[in-house]
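The following features are taken from Swiss-Prot:
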BINDING   Gly80, Asn111  anthranilate 1 binding site
BINDING   Gly80, 83-84, Thr88, 90-93, 108-116, Ser120  5-phospho-alpha-D-ribose 1-diphosphate binding site
BINDING   Ser92, Glu230  Mg(2+) 1 binding site
BINDING   Arg166  anthranilate 2 binding site
BINDING   Asp229, Glu230  Mg(2+) 2 binding site
Amino acid sequence: MPHKELLEKLQAGQQLTYDETKRCMDGIMAGLFSEEAIIALLTLMQDNGITADAVAGARESIMQRATPIQLDERAVDTCGTGGDSAGTFNISTAAAIIANAAGVSIAKHGNRAVTSRCGSADVLEELGFCIELPPEATEELYGRTGFAYLHAPLYHPSMKAVAAIRKKIGTRTIFNILGPLLNPAGVKRQMVGVFNIELMDLYAEALRKTGSFHALIVHGETDQGQPLDEPSISGITRIIELHNGETATHVVRPGEFHLHEWPLKDIAGGSREENAEIIRKILNGTAPDAHREAAIFASAIACYVGGIANCIDEGVCMAREAISHGTAKRNAEAIIDASRELEARYRRESD
């Protein structure tokens with residue numbers, strides 16, 4: 001379907017099907033449409049309401065252009081949509097490190113800061129991790145440690161083609177929804193933090209359509225009503241659980257998992273240096289209780305979707321032990337050292 005027909009359908013207030021959205025995104029990513037047409041297509045898609053079919057179709061188009069990497073089906077991603085303006089430290093990144101120490105295979109897809117002061121790439125880099133390993137080095141790192149960090153610009157170079165247009169539009173489009181679904185390893189297990197409660201069902205259905213095996217879509221809230229794109233240590237967490245094609249909903253509080261509740265200000269983050277120091281202290285076992293328990297809660301969910309814990313409560317115990325026994329600290333050091341070694345070796349081999 002030519003883009004004019006797609007535009008006509010959207011202008012009539014209709015939504016695009018999976019195939020139509022894929023063709024639309026194929027044309028956008030290949031540079032076949034004018035800037036004016038792309039802006040119109042993206043804006044109308046948003047105005048008409050994004051569907052799970054559209055998200056799945058757009059994802060397929062972008063994933064076909066991704067730099068390939070081969071991990072395995074055990075890999076878990078912990079990520080959020082961003083956009084909650086809560087200013088917390090890098091909880092999902094800390095959770096990935098701790099869950100990995102507990103025995104979860106991690107494929108953390110991330111980037112530098114966009115809506116926050118410090119993104120997952122920023123804090124990992126500050127901790128000493130080499131964030132731009134070539135795919136073959138990342139595969140080796142994963143094979144040795146069960147941990148991989150997949151830097152979005154490295155694996156999705158085609159996204160550069162639309163960066164300027166997205167900035168020009170200046171409002172949210174389907175691209176803002178796609179981020180957590182674009183892990184280049186094609187993970188089947190995820191914790192997806194969603195800041196907008198209205199998007200939870202959309203993510204659950206999109207993940208189902210794209211073959212996810214076990215995912216928890218989480219939306220946290222503080223008791224003051226602040227939305228969070230992560231499990232909340234400051235109030236309730238709404239969960240949609242997708243497991244083998246079936247969905248269930250839950251509303252939980254930290255106390256159900258033997259965790260305390262803490263005000264949002266107690267888990268505030270800051271610069272990359274400050275957030276890295278927070279994570280170091282969590283791993284060292286010297287962090288304030290609020291920081292430690294926020295990371296443990298998210299780690300527990302990763303343990304659950306990763307299949308090593310039978311429930312979140314069991315995952316909490318595993319995450320606690322990884323910290324208290326020193327496993328998390330030693331594991332983080334081993335991952336960082338291995339990434340540096342591989343980066344140096346592959347750099348020598350490419351010279």
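Think of each number as a place in line: the chain as shown, counted from 1.
Here the Cβ of each residue, glycine as well, is placed from N, Cα and C on the backbone.
Within 10 Å of the Cβ of Thr88 (5-phospho-alpha-D-ribose 1-diphosphate binding site) there are 25 other Cβ atoms, across all protein chains. Non-local contacts of Ser92 (5-phospho-alpha-D-ribose 1-diphosphate binding site) by the CB criterion (under 8 A, 6+ apart in sequence, same chain) comprise Thr78, Cys79, Gly80, Ser120, Met191, Gly193, Glu230, Ala298. All protein chains considered, the CB of His109 (5-phospho-alpha-D-ribose 1-diphosphate binding site) has 24 other CB atoms within 10 Å.
The distance from the Cα of Asn111 (anthranilate 1 binding site) to the Cα of Asp229 (Mg(2+) 2 binding site) comes to 16 Å. With respect to Cβ neighbours within 10 Å, the binding-site residues Asp229, Glu230 differ, and Asp229 shows the lowest count.
Cα spacing between Thr88 (5-phospho-alpha-D-ribose 1-diphosphate binding site) and the residue listed as 'anthranilate 2 binding site': 26 Å, rounded to the nearest whole number.
Under the DSSP three-state reduction, His109 (5-phospho-alpha-D-ribose 1-diphosphate binding site) is assigned to strand. Between the C-alpha atoms of His109 (5-phospho-alpha-D-ribose 1-diphosphate binding site) and Arg166 (anthranilate 2 binding site), the distance comes to 21 Å. If you take the Cα of the residue listed as 'anthranilate 2 binding site' and the Cα of Asp229 (Mg(2+) 2 binding site), they are about 22 angstrom apart, rounded to a whole number. Non-local contacts of Arg112 (5-phospho-alpha-D-ribose 1-diphosphate binding site) by the CB criterion (under 8 A, 6+ apart in sequence, same chain) comprise Gly119, Ala121, Asp122. Secondary structure at Gly80 (anthranilate 1 binding site), as computed by DSSP, is strand. Look at the binding-site residues Gly80, Asn111, Arg166 and count other Cβ atoms within 10 Å of each Cβ; Arg166 has the fewest. Taken residue by residue with DSSP, Glu230 (Mg(2+) 1 binding site) is part of neither helix nor strand, so it is coil. The secondary structure of Thr88 (5-phospho-alpha-D-ribose 1-diphosphate binding site), as reduced to three states from DSSP, is extended strand.
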